[in-house]
Every structure is written in structure tokens, then in C-alpha cells.
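As recorded in TrEMBL, the features of this protein are as follows:
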DOMAIN    B:4-190  domain 'Electron transfer flavoprotein alpha/beta-subunit N-terminal'
BINDING   B:R210, B:235-236, B:249-253, B:266-273, B:N287  FAD binding site
Amino acid sequence: MPNIVVLVKQVPDTYSERRLAEADHTLDRESADAVLDEINERAVEEALLIKEAQGGEVTVLSVGPERATEAIRKALSMGADRAVHVSDPALHGSCLLQTTRVLAAAIGKVDGVDLVIAGNEATDGRGGAIPAMLAEVLGFPQLTHARKVAIDGTTITVTRETDTGLTHLSATLPAVVSVGEKINEPRYPSFKGIMAAKKKPVETYTVADLGIDAAEVGLAAASTTVLEATPKPPRSAGQRVEDSGDGGGKIAEYLIGQKLI
Amino acid sequence: MSEVLVLVDEIDGEVKKVTFELLTAAREIGEPAAVVVAAPGTAAKVKESLAAYGAAKVYVAESDDVANYLVTPKVDVLANLVGAKSPAAVLIPATAEGKEIAGRLAVRTGSGLLIEAIGVESSGGDVVGVQSIFGGAFTVKAKSTRGTPVVTVRPGGVEAVQAQGAAAEETVEVPAVDAAKATTVTGREPVVGGDRPELTEASIVVSGGRGVGSAEKFEVVEKLADALGAAVGASRAAVDSGYYPAQFQVGQTGKTVSPQLYVALGISGAIQHRAGMQTSKTIVAVNKDAEAPIFEIADFGVVGDLFAVAPRLTDEVAKRKG
């Protein structure tokens, strides 16, 4: 009966324009529509599938501003049992290292965790590193970029899929798993699920509640600092021609002129 | 000049192009030291090409454990080298595995992690990573505030330039694996690479969008790609419609590419797609719709039917190549 923690994150919608705040070069979260990252829904789905087959409990964990409650509600309405939300203004501008430490501390608040499931890569930061970093901090094996997960007793096996191909992995629980695009098709929350979600427990913590000094997180104490951020001048349109039978030839001429062919 | 560690990306003794890009970048900030963490016998095969791109040193960490465990042997070797050699920075390819290695290395060494850099600079004694974020909308310069900067560098971000290096070998140990924390690799099924270059490494990419219309008709995209020696990409709309497999998707939720030449066929150019390709050096677009946003960023655009334009271009290219 695995005890599962799923990480979810609210991200700016990739179809809307994203900006950096002028004051401190952090993501301007107000300027873009926020959605539950698609890949997180797959992570929630995989946790629910494991629970349905083997029992256990699914806890949703999110670190982020107040708005993250929307992502948490979505996960609960899909069927997760409870949620932990770490929300603290001190976290603003935290780097990957600080975020990982906070996640690890919050996971420590959940009793007897067997499995941590996350999406393989968020669409905003695209670090693709948090699940591996979390495994490093927790001292758990990492089974990342999964397209298939199977658990038998305390043994977990995963088919990992990356650009280089498939890799078959095996490790002993507790472990950290990250899921890829092909893992499953996430369910839609049912009306019953949406209603039930309203009654599910959401624990909210500050960083101090997690035993972390607020001065150790956030922009001022981050392990990386942005020196300058310059919006790229927009690309301007170049030549444009109507095809009147020789469009292909015109492209060829252009490419020859540019020494590209 | 201090050393800059470069993790070598290779498959069966064949060095990937991104490694040469990293060695080139490393020369900007110090003396490149290539780190080979691989199966026994690999260093002998790769040494010459590492020397050709300026590796002053080659640290050789060879063991069968490297293939038998996921990610951690490489982290272990790099962490020991960071401790022993105090390098100016560690450069790692921003591949799926590279990002994970870099993340764990940063945690273990308490260092700042600069991700997806398209270049590195030296400024006032600091290593500065240049990043292109939100699909090229912003250029950001950032530095690490503690430890040894760990930088993942995006394939294609730096142009590889040859330079002779001494490639002096030094053997280092692959530490014993802690089985409780490690993940065992029980099998591998490598992608059988066709004749086309890899999408993120290719210097020319030809992509098709919704306008291609069907999976069968994607042949017209592939033919042009093959004539140009290019990789094939697809927009999200084309992938969602089932025209082309997801691993070839270019865009915010797919791959980011920055080739010398990007040819967009029947792609409207939504933000979602532009985010994955607008840092390409030259962009050529063909679309029936004169109002398609792709034309706003194209260096050369043809308003017309891609099924008329692309085959003609394919013929012209073939003719030129003889």
C-alpha cells in the first residue's frame, strides 16, 4: 500500500505571452494565465492508478503562491486524498536548490513516503532537474522520464524514455519517479470529484513550519543571481514573395545568396 | 588559468557534437578539461577528437558500473573532481541525462546551477552563463553565488570551433555505488537513428505543420529535409493531429532548436511554436495564408501552396548538390 506524494505546479499558460518582472527579473506571474502544468496531471493520474491497484494514499504537494490552490483543487478533484501547500512570501525568487530543499522538507511532513511522483519537466522553467535533485537530497533512487511504472512489493521498475531511446530501470522503494508525456491519459474530474475535493484536507505551511529559516530561501539567498535581462528585439519580417510557380526556385536563390546551400 | 570541466557526451566511443560545443565554450572561461565517464576502453577511442577541440586534459573514469547504474556514477566522478581540482566551472550538455547530472551535482557540491545556457563568459572573475529564456524572448545573464558554477549548455547554443589541445590523460576512480540509493539499469533499447541528424543537433531543420494535412503527405517535408541533409520537425498542431510522432515536436512543449536554417512548411507560427525555433539563425516560411504570424519572423517567406513550393525547392537543392 504505497504512500504517494505527487508534486504539482501552477505555470503560465504557454499560449499566453510571458514576461519577466522589471524590478527583480523574476517571472511576472500576474501577466500570464496560469494553468496546472499538463505533465502534472499525468503525474496525478499515475499516482491514482497505483492507488486504485494497490491501495495507499495520495498526497498532493505544491510550493508556490496563493494561486497554486487552483492546481491543488484540480488534483484533489481528480481523486487525490489530501494536499500540502507550502506558501510563503519569503520563497519569492527561490532558485532550484532552495526549491528542492523546501520540497524535501515538505515531503518530510508526510509520514512514511514510499513514492514521490513528479512531471519530468515543467513548461516554464524547463530545468528538467528537480526530480533528480530531490532524489539527491532525499537519498532515494531516481527513476525519471517514465513511460511505464510497475510496483511489486518494494521493487519498482520503470521504462525510461528520452531522446536516446528506452532504458529499463529497477530500484527499491522509497523512490522518486518523474513521468513523461506518454505515461497515461489523465482523467477529467467528475462532478462528484469536484464536490468531494472541497472537503478534502489541505495543510498549509510556511517555510518556518518546515524548520527552514526564511532568510535561507528567496531571491536574496539564491545560489544564482540574474545580472541582466534584456528583452530580445523582436525579429523583423524579411522578404516575402507570392508564389507564381517559381516560389521554390526563389527560396533556392535566397539560400544560395546566404551561402546556406 | 583554471580548469573548466566538460562532461563528455558519447555513444559507444563516438563523441556527440555537443561535446565539441562545450569544449569551445569552456575556452572562453579557462582551460578545458574533458571528463570521460564511460565503459572501459572508451577514452582511447575519444581522446583524439577531444584534443582536436582544445581539451588540455582528459580525466578518464572508466568502469562497467557507468552503464549499469542511472546517472549517479557520473555525478560521483564529477563531485570528486570538483573537490580535488577546484575548477572554475563544470559544463554539462543540456540533454535529459545531462540536466539530471547537473542538478544532482549542484545539490551535492552546494553550487549554483545555471540551466540551458547558450554561452558562457568571464566577467570580473565570475563565470557568467548566458541564457535565452521563454523561447528567445529574453536574453538573461546570470551567475552562481556559491560553490563551483554548474552550467548546462543547450546543444546548438555554441558553434564548435577546432583548436589543438594536449589532451593529457589522468585516470580517476569511479566510486563504489551505494545500492540503496542507486537505480539499476536492466536493459537498453537505443533509438535506431535513421540517416537524418538529431533534431536538436542539426544545422538545418525542416518542419511541417497543420497545413501538411496528413501523415502520408509529410513525405514532402521529409524529402526536402533529406535533400538538405536536415532533421525533420513538426508543430504541435501536426503532432496533435497525428501527422508526425511527438518526439519531433518543436515548440514550447516540445524541443527547442536553434539551427543555422529553419524551414517552416504549412506552419502558422503560434507563440507555442515560435518559442521553440525563433532563435534559429535564418528562418524560411511557406504558407498559403499571407496573414500567418510565421511571416512576421521569417527572413524569407513565400505565400503559396507548400505542395507546389517544397518539391520545386527539393529539386533545386538536389540539382545544386549534383
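One is the number of the first residue shown, and numbering goes on along the chain from there.
Every residue gets a Cβ built from N, Cα and C, even glycine.
Checking the binding-site residues B:R210, B:Q249, B:Q252, B:I267, B:A270, B:H273 against chain A with a Cβ-Cβ cut-off of under 8 Å leaves B:Q252, B:A270. Non-local contacts of B:H273 (FAD binding site) by the CB criterion (under 8 A, 6+ apart in sequence, same chain) comprise B:G209, B:S235, B:R236, B:V250, B:G251, B:Q252, B:I267, B:I294. Sequence-distant neighbours of B:R210 (FAD binding site) (same chain, six or more apart, CB under 8 Å from its CB) are B:S235, B:A237, B:A238, B:S241, B:G266, B:I267, B:S268, listed in sequence order.
Take the CB of B:A270 (FAD binding site) and look out to 10 A: across all protein chains shown you find 19 other CB atoms. Listed in sequence order, B:G233, B:A234, B:S235, B:R236, B:V239, B:K255, B:G276 are the same-chain residues at least 6 apart in sequence whose CB falls under 8 Å from the CB of B:Q249 (FAD binding site).
For the binding-site residues B:Q252, B:I267, the greatest number of Cβ atoms within 10 Å around a candidate Cβ is found at B:I267. A strand conformation is recorded for B:Q249 (FAD binding site) in the three-state DSSP classification. The average pLDDT for the domain 'Electron transfer flavoprotein alpha/beta-subunit N-terminal' (B:4-190) in the predicted structure is 94.
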